[in-house]
């Protein structure tokens, strides 16, 4: 099928000579200068930036920009992908790999947005049939904001929403109350026959899985209030403050009263979907409300529990065990000056918040999952304090074990960074004032590597009464390079697992040593050994997804998208999970047509054929 016209439009490029951590590059060759394009008048020519006389610092700068290149095309139907390496194994399960992420970072009127504010662009790789042909399709999620900002007749874009992490140049800035730009770009899930794209600050959008057409916004909490259980009775001064904030946030800035987290959990043992919601006003108050729903396989709510925690927290990802919901909490604080700029429209809404490194420990809240709390009379409002200051990014798994005396051991495997490195205003190196991307922010100077995301293991020991006896944190593995996007065999979620996979940096490139990632690591959790597979030169990867095949935990395949930035190509890579670390780990590499090259994705989901 034919695709609609393509415009290769990167985020507005920063001046390479201003990158503080990259060596000053030579004058850019004429061939590369042609890619420094205007946002309002896109240049669709694509040049190969692997010019021989282009030094590594300049190439690194351009490589980073191309990872966040806008893709305005959508497929019309699906397109068969060409196998360029290996072959799709005959025992590969039939199903579809869905990948969510942003697709658009600049409009036609001078405005750019943070990668987290880019409109959701859903990609699908369907692997079906005896010949295991892979068909690719990609469509924008038609959210309320997308329909307003995109003209299907002219195919032009004009941003009217600020977005939580962005401000506008070519649109209304001061007094702009369009803040909560639900772009449905963070994660994707298929459950109960429904395909959904999720975002951190609004309802999921339901998608038709065959065509990727947007069905509409999905209110998953409708009719669930009667299932209320748990929580804290009564009210206090902060409840009164919350009541005063609600009409402002919801009525003026159109924020939803409750926002779902984009990270969900699947309890394979009970065949349940677990999702968490937060109150919008909690972002501005020193207390947090969490409502957790459990859905059965038919999308019926079977449990709802609410918790009020007396702490100012930012939760992006979380975990569960047989008995607990586990919140590894990131402490935040209100920035008064930033709030004034955010409310007026002169700075992004996220300017109202900052990380709070006031305490040397990190709190973990163990919330009772069921009414018969197995940890006795323990007060769940009192956190377990991890003896290290860590900002949690993503959770790989958590599980609990109980001995004959009733003592509990809880293990949490995750990626975390330091509070000193994490900065709401500089994620992905985006500067909202200059509207530029700076790869130096994601690649710290020598000696600061420990501040970057790494895989960790947290061990918590509780006695039969729920009293904390010990809490420790240590590296999860022997791999000392930055790592993130931990992934496991989904059948091991919430129970003891042996293997974990993650995206990591090899450190082989002097000017982009830490990010973007170029390596898959396979961690043997009990013995901490690590095996790895790496891409070629100037190729990067996103999140790995495990596709189960057999009974053994690592009997399956890994799916990951590889970005060959120097030639602007994307590849779907299939790896044999058992053979990570061997020379024959690569099973197949399939090429996405060049005119459909897409920017880096966030989170994916493997949906077996029903």
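For all residues, glycine too, the Cβ spot is worked out from N, Cα and C.
Unlike curated entries, TrEMBL annotations are predicted automatically.
Straight from TrEMBL, the features:
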BINDING   316, 394, 603  Fe cation binding site
Discussion item. Using Cβ atoms only, which residues of the same chain lie under 8 Å from residue 316 (Fe cation binding site) while being at least 6 residues apart in sequence?
Written reply: 200, 261, 262, 263, 330, 392, 393, 394
Worksheet item: Relative to the Cβ position of residue 394 (Fe cation binding site), how many further Cβ atoms are located within 10 Å?
Response: 19
Worksheet item: Inside 8 A of the center formed by the CB atoms of 316, 394, 603, which other residues of the chain have their CB, for the recorded Fe cation site?
Response: 186, 187, 262, 263, 317, 393, 395, 485, 602
Worksheet, complete the sentence: Sequence-ordered list of residues in the chain of residue 603 (Fe cation binding site) that lie 6 or more positions away and have a Cβ within less than 8 Å of its Cβ, or none, is 99, 100, 101, 186, 187, 188, 262, 263, 543
